[in-house]
Amino acid sequence: IGMVVECKDGYLMGPDGCKRGCLTRPARYCPNECSRLKGKDGYCYLWLACYCYNMPESAPVWERATNRCGKGK
């Protein structure tokens, strides 16, 4: 009997609704943050934002369709 686990990839999102930046962060910042949220791995995309792989469906990731960065709460 198999079990299907839904996962998603995407940019980590901060409490302000913006992508989580990584330009001035230590090298392992993004992989550590992705792991903390139960993602498999991650990296600093173009030294601008953390991108994570295999995140649980419940993890908040930035999406263009629901972008609220810079738009208040």
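Any Cβ shown, glycine's included, is placed from N, Cα and C.
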According to Swiss-Prot, the disulfide-paired cysteine of CYS50 among CYS18, CYS30, CYS69: CYS30
Disulphide bridge to CYS44 as given by Swiss-Prot, partner from CYS18, CYS22, CYS69: CYS22
Residue among CYS18, CYS52 that, according to Swiss-Prot, closes a disulfide with CYS34: CYS52
Disulphide pairing with CYS69 per Swiss-Prot - partner from CYS7, CYS18: CYS18
Assigned conformation of CYS44 (disulfide bond) - DSSP reduced to three states: strand
Position of peak Cβ density within 10 Å, selected from the disulfide-bonded residues CYS18, CYS34, CYS44: CYS34
